[in-house]
Amino acid sequence: MSGGRQRTLPEAWRRAAGPALQAGRDADGNDDDDDELLAAAAAELDPDPNPNVDPNPGPGPEAAAGGFCAAAGALWIYPTNRPERPYQLRMARAALFANTLLCLPTGLGKTFVAAVVMYNFYRWFPSGKVLFLAPTKALVAQQMEACAQLMGIPGRDMAEMTGGTQALSRRELWASRRVFFLTPQIMVNDLSRGTCPAVEVKCLVVDEAHKALGNHAYCQVVKELSRYTTQFRVLALTATPGSDTKAVQQVVSNLLIAQIELCSEDSPEIQPYSHERQVEKIVVPLGEELGGIQRAYIHVLETFAGRLIKLGVLARRDVPSLTKYQIILARDQYRKNPSPQNVGMQPGIIEGDFALCISLYHGYELLQQMGVRSLFIYLCGIMDGSKGLTRTKNELGRNEDFMRLYQQLTDMFSDTCQTSANGNLHKSRTVSENKKEFIYSHPKLKKLEEIVIEHFKSRKMGCSDQTTSGGTCVDTRVMIFSSFRDSVQEIAEMLSRFSPVVRVMTFVGHSTGKSTKGFTQKEQLEVVKRFREGGYNTLVSTCVGEEGLDIGEVDLIICFDAQKSPIRLVQRMGRTGRQRQGRVVVILAEGREERTYNQSQSNRRSIQKAISGNKMLHFYQHSPRMIPEGINPELHRMFITAEKYKPNDSGRLPKGRPSSLHHKSALFSCVTDPKEMHCHENWSLSPEEFEIWDRLYRLKENDGVKEPILPHTRFETLENLDKTSKPEEEAAHKLSLSEWSIWQSRPFPTSMVDHSDRCYHFISVMELIEVMRQEQGDCSYELELQPHLRIEDIHVRRNKGHLSTTSSAFAQKTHSSKRDMARTKRPFVPDVNDNEREFFSIFKTTNTKTPRTAPGLDLEEPELPTDTNGSEPCSARRLTLVASTDQGSPKEEEIEKVTFDLNEFNDLCDDGESTVAHESAAVKDLRLLDKHCSSVGLNHTDLGYSSFTAEKSPASSDLFYLPESHVDSFVLVSSSAELAGLEGAFSCVKGLLAHSPPPVSKLEGIEELLRHEETLCPLPKVSCRSYSGQLPHGDFPSSLAVDQSLLPAESPELEVTIGLSAAVNTCVSKPASTPTAAGGAEERPPGGGSFHSLLGKEGFTANHTDNPPNKHFVQGDEEDSEMKRDVTIDGEKSIHLFEDEHTYKVNDEMPSVDVEPLLRLGSGGHTARPSAGPASQQPPSGDSPRGDTACGEGAARGEMAPGGAWGRGSAAEQALHNSELCDYSQELFSVNFDLGFSIEECEEEIFEGDTDAMNTPKLNSASRSRADVQLTANRKSLNDGCRVQTPPKWDCKGLKGRNISTPLPLQSGHVRDTAVPGGTAGGRTGRGSPGASPPSPATPTGRRVSSAEATRRIRKKVFSTVREETPEVCPTDKVNPNSQRNSFGSSASDALHTTGGRTENLEGTNLHTSRVFPAEGTSSESEEEIVFQRKNRRNNVLRSPDVGSDSDFGSPVCAVRKRRHPLTVSDVSSDDGVDFHKNPNRGTRGCSAAGSKAQLRGVKRQKVRSKVTCKNAARQFLDEEAELSQQDESCVSSDETEDTDKELSSSLAQFLNDDAEVTQVLNDSEMRGVYLKSVRSPALGSRYRMVHREFNSTEIFSQIPEQDEAYAEDSFCVAEGDEETCNKSESSEEEEVCVNFDLLNNESFGGGGGRYLTRRRKKLHGANMEQNCSAPVQKKPSRIIVLSDSSGEETNVSNEKGTAAHCSRAGRENAELLTSMPSVSSVPHKKSAGDVSAHQSAESKSGMLLGLKASVSEVLDFHPGPRSGSGKEALQAAAQHLQLESSVKNSAGNAPGATKASPALLDGDTALCVLVDSREISSGADVISSLKAVHGLKVQVCSLGSGDYVVSNRMAVERKFQSELLSSVNRTKVTQRLQRLQGMFERVCVIVEKDRTRPGETSRFSQRTQHYDATLAALLQAGIRVLFSSCQEETAVLLKELALLEQRKNAAICVPTEVEGHKQEMLNFYLSLPNISYLAALNMCHHFSSVRTMVNSSPSDIAAGARVSLQRAEETYRYLRYGFDTQMLPESLCAKGKSNTATRS
């Protein structure tokens, strides 16, 4: 109530008279009866908050009749605020007591009657709902406004609901409102969804009721409501009940009409209230010109229609007399009963001719009614192909007559075709030109123009006669109706020539076509509003203007065409004659159009006669009275003052608000107020709105509002940055930074505009603060920062030669901090667009002027040595320029401050969000510095990155670089070495900043863990003098922000990178022999410092030979190195820098050391990278030591000094450091990747463990953590050997939850003696990138490792990765004799690291003690010793104690035989990562060899030649792809899996195993097992030998019927593609099994042949094994992918107990292995898996991608699980616990968590529940309503995405009409849909339903087609159940039966089907996962408390939570851990994805 004004009269009564009335009632009852009645009515009308409670009970409570209020029902109120009309009063009274069809001509008050009825039902039923249905949104809004103004229903009780209202909002509205205005479709949806309380509906008003024909939404609403209740009133409103009596009867029946209230235009009742309508019919002859074109067109028609007439499919009649409708009927008849005489013809030809004739006849109708132009536009659409009628176009193009006619029309309208198409109403020509040029395409147009002009002339003359000359001219309005938009456009164009007298506007409906643009609802409303208010005086409209819309009074209506339906004519005529005399002119063309009009008039009269007589209509006889017997409401007239209507829906345009149409081009160009047009140029407010805002809302000085300011802040650790503070202003209001902190740690929902990146940064900072606040004891973040916030790091050495160190040192250190791992802790980065001032103010630089002023730089320029300037890019100097001087001038200090902050900024930006899109203001300042550099004449010649910025990385957008304008001046480079260094650094930097760090959540226990590791492995100090001279770039962190995606893989200039320098630091390097390479290297420890920082202060006691200054950096670093190295390890740095480069190009000569740094480092095409994904290429330099980049400086271009050699200590220490970090010190691994610096000078053995550390995690750790990497190097040997650094990011991340205490004891201390000359780059450079071939691991040369002890503690993971990644022998690999053997047990390390916390005591694993490493000088073959069983050496493969790597399978060339060597586990990491990662089609056999390697007693060290070409690198897993297609040993042959342990010989002679002589004893099944065994791959006993062609696994798997068990068991068609790929693409059809290769141990015949394990023997053997379950495992499990067969067989559940290694995939498991790990629980497995997932969203480093893969593989292949004899048995367990039925058979594997079905899932309502897809609302409404109303099922309508119905956790039902299957048109769509269903559900059922017969049609038997039968057969063959139904009700019965069946099998839906709040968001996330059905997502919502819980769950838990098979759970598990590289995204998504995903993780 505004201003105290009464809202309604009853409200006033209620307030004033209510209490007195009650008192009087209680006492004497003196009040007047009328007053009592009024008071009762007022009490009901009182807008009480709770309408259900009657505040004034009155004479009695609500009656029994559905909540009827007796007090209110005593009377019915008729408003008197409008003049009373008797016919309205009569109709309102009638409509209150029976269902009524109200027929009134337009403009005579139908809406008023409806408002009265609605208002009274609103009073009578306080808890009831009143509905008003209107067919369009515009009508809904209009009627709502009308009812509110007429009857005063409170706005808070009304709601408008259209398609724009969200379902959740509607649910709330249904619960809180009582009067609804909505479209019928929304009503149907809400009834089907159960949102609308159907039983509460008391009154239903239907507008435009004549539409209620057939299956219209009106009919569905009434039918659905009547299923629940009959107690509701129906009031139908229409001006024209139907086009004929049959249609009227249908309306009456559908709407349950009991009576009709009809007033025709001739009725005496309405005559006083309707003005005369003068209807004129004008018939226009066609004319000669149009007649000629018509004759030519008929000639064309005869040609094509004649074809059909000849074939007898079209009636023989006069061609011009045919109509489009007649041809359509003929086509339908032909389809139903094809003529026998046309059997030989292709039906497609006849169909095509029908379509052609229909198109031509439509054009003929256009020609006759609309004219030549409309015909031409239509034909243009056909001939230019826009209408898609290709055949029609071709046929017409071959017809000479047509082309002649078409050319004639083209010449006539050549200039107008375009005009019409673009919808422009106006041309820039003068009126006279337009008049001359306009072509009247039809004589009717001329007549129309005459009528309109005449009307305005006469009106103008009439105006001039009156006193108000000119004032009333605007009042006249003309409306023109035409059926087609082209005609509308033409008419408007014609009339627009008479502007301004005629102000014309078009009015059309919503756009449905491709070319024509319609009006939106807002545009329509705006047009109507302007027309009503006089903005336009002429409106040209299509039929959309005929109905409903209140367009005001129209004086002249012109119908440009006739309509056959009398309804439309009446509707058109109703637009006029409402308030004054109106005129209707119908312009008709001579001929057919005239006949059509006459016919419609005749129909109209007959309809009115039939209705008024009520003789022919059958009415509904059971209309409810709604009012209880004995109550007869009396009429009470009341004046109602309605409250001012305020539309509360955003869909409505508030009055006075300028429409968005102002922006629309040419829409309102004719009549637009200039003042309004320009209001949007500068604001979003119009001048009027601005004035209101300025007056009411603008804050002024006298308002007392103080200006808000931020409080002064400071860094505790950076006190010196802020020395001055400004005095506080009195008028300012100091904001509190902590007051709102509780809301600032998470993003709040947004609408339209998302949070900014800065906001997300801030939120992450607040999250960090919140985490720190809750910490107890030491602050982990403080510990992280402590090593980085040292003054030594901030203030650069004042040595002119060492300018570059400050920034890089700090940046790199900060970079490696834990914050990088946890993106949530990252502070915000200033936005790119922020100005410099803002950035510096944020970072508390007191003076921002200096960085921008050239003079400041000029002062210091003289102190910058030229060589420094030359060797450093200006961008590097930006930060450190001033800092290099010794004297600290104020300017210098200021710049230093900036420098520090920029370093910090760089740290902040280093990852995902500091991509190209996030260039900050700091960068701008840097650019300014650069400008100043150039302006003051600094020497820029050596700016080595010019080519990089300008040419190589188009995406860089000069982020952290000079703009392109600056690049040219830097083109010259003083030395190639420096150039390489710079570019390398830049590339690293870019990579470093391209990715986001992992979330904090996974780092909880890391510090304690790290400290523990440090104590375990104290880090010896190593002196290292690094060549930083070439890496000045390392000094400017700003350059670190380069996006990795910008690094061209081929760019040779990028070889040397910061990571490189970091790596270089790890080794003591000798002075570069070339001055250019030195570049001040010896004098620049700062460069070393930068490396130093990269390495996280590895504790290098500086070798300050040439470098005293280095001391400065080392000091203090070493003190903290023990504590901090964990966080700031080179690896981490490298990770950041080279995020995606986990695939390194393989160079034969690239020694592998610290893989990541180098590998990543060499992002440009580094030899260090075995492969760089698709873009990676072999290093251009071939064997040239491009790997020298690893060496850092001089080696960047192969310029390394020949005499340079690496010191042993540093590399060893590095490796040691890694081991310390992860406690891998006792594990033996060979480095099969480059460690990031060239080991060329390092004489130590390089451990590839780091590679594994860096890479394996990709594969084996669910998180990208490298922590899992186990370095196998013994600490002692490491001291002398090359120290491998595990990137902290990896190491630390994965540490959580992983028992890092399982180092592999490295027994040999001989590592140190291997020497790697700088010139040779070891072949193995690390796991290739996903998509690139992994290089073969090179084993360290000259090493002997002694005993099985080495592998005693190898984690089980070791083997997981080992087999996955065993490299193949590449015959092409050649290594220089002196090349370092860098592949050192990486596979083991990978595997170890993958263990994620489980340590296996492999004590009994008879590992070969003779671990021999080939001498260093041996040839590549001998060096790379691949250990495989000699092909003919031993016949009994199973007995072989040696691990063989059958590289033959991975390599096209036979591998060279080599000596056996102890297992230094081969390079798992590189292979895995590559294969599993991005190259789905790569073969993986080589790895499979590795998989079989660590077998039985002697696990041999596998070596591979170091030179691995990209082509062959990924083939290591090829063998692994030949998976055993076996579901169950017990079902097939018990020996099929267990004996695989010894089948390691690569000999082809073993293809058939002759030793098995006992086969006669076996039954058929076991005989088949013998055969299967004989064809297995010798390298992998459980793998079959297959053709070694690479192919996509999907090509094979997709052909395997899901339920063909025999095929799955016998199948040898197994994919050679990469395992992981298979798992991803077709994982639903595979299963992985752990195989114990030692099952047949000690069981052999005298002949040495392997004894086949029969079931009995296996059982006995298993029993023995169970007794020894506590014994350490000696066997290496191997994963086998088994084709999944999800048929319905269910076998007995194995009850064998024992801790089993869980092969997540179901399949065979080694009993010994399973039972031998009592100490290993599934908890660590879950934990490690979880760790990975948490980091996943935060980082997308390529190196990490591999580790992620590794962890996933580990989890899915090697975790403890219930012991089960076979996949089927395991599956059975899972199926039982998941309450699935037998058909799940092989879709699940044994999972530890499968046995724990969540109780939450079992608790649910007992009522049957069915999920229904929302699309079924329209096509299957009866099914839904029958399920609910008839069968009592709970039906939840939701967007299922696939499937129409879900009846249980495992069954989905697709409902198809018979016609869909009869026709082949939709074959592909049906197939795809069913395939998608099979991917989500165990069982799929198709219900084939007969097509619905329309009313009046006779059901016809449809002929079965061949396609129909073939489809049914295919469905059955695919295991899909097919049911048949005759109608929707029968379909509902079938669905109920299916649901009951599934309930009996414990698979029923038993979780709440609706979710709200955050669970809705969870549901949306789960639905985004592939192959997750809606029900599975629901189950997960209710089972897992959060998404995080689900993501961190094991596959078995996911299976139990989602109630899906274990296999699908594993698919989800894999998907969640899929290594995703954001750089693969399009640029538009890349920046957004990086920022949003990282911050929100």
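In case you wondered, yes, glycine gets a Cβ from its N, Cα and C as well.
Remember, it's a predicted structure, so these values are computed and weren't measured experimentally.
Look at Lys110 (ATP binding site): DSSP puts it in a helix. For Lys110 (ATP binding site), the same-chain residues that are 6 or more apart in sequence and have a Cβ closer than 8 Å to its Cβ are Leu102, Leu104, Asp207, Leu237, Thr238, Ala239. Positions annotated as ATP binding site by Swiss-Prot, on the basis of sequence analysis: Leu104, Pro105, Thr106, Gly107, Leu108, Gly109, Lys110, Thr111.
Here Swiss-Prot flags 48-60 as compositional bias 'Pro residues'.
What Swiss-Prot lists as compositional bias 'Polar residues' is 802-814 (among others).
As annotated by Swiss-Prot, compositional bias 'Low complexity' applies to 1170-1181.
Positions annotated as compositional bias 'Gly residues' by Swiss-Prot: 1319-1329.
Per Swiss-Prot, compositional bias 'Polar residues' is recorded for 1375-1389 (among others).
Marked as compositional bias 'Polar residues' by Swiss-Prot: 1685-1697 (among others).
Annotation comment: Swiss-Prot describes 91-259 as domain 'Helicase ATP-binding'.
If you look up Swiss-Prot, you'll see 447-631 marked as domain 'Helicase C-terminal'.
Taken from Swiss-Prot, the feature region 'Disordered' covers 1-64 (among others).
Taken from Swiss-Prot, the feature region 'Disordered' covers 802-822 (among others).
Marked as region 'Disordered' by Swiss-Prot: 848-874 (among others).
Positions annotated as region 'Disordered' by Swiss-Prot: 1070-1124 (among others).
Per Swiss-Prot, region 'Disordered' is recorded for 1158-1208 (among others).
Swiss-Prot lists 1301-1403 (among others) with the feature region 'Disordered'.
As annotated by Swiss-Prot, region 'Disordered' applies to 1465-1491 (among others).
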Taken over the domain 'Helicase ATP-binding' (91-259), the model's mean pLDDT: 89
Protein Cβ atoms within 10 Å of Leu108 (ATP binding site), excluding its own: 22
Long-range environment of the motif 'DEAH box' (207-210) - Cβ separation under 8 angstroms, sequence gap at least 6: 101, 110-111, 114, 132-135, 139, 143, 218, 236-238, 240-242, 247, 251, 255, 547-548, 567
Number of Cβ atoms other than its own within 10 Å, given for Leu104 (ATP binding site): 27
Counts by DSSP class (helix H/G/I, strand E/B, coil) across the motif 'DEAH box' (207-210): 2 helix, 0 strand, 2 coil
Least buried by Cβ count (within 10 Å) of the binding-site residues Pro105, Gly109: Gly109
Around the Cβ of Thr106 (ATP binding site), the count of other Cβ atoms that are within 10 Å: 22
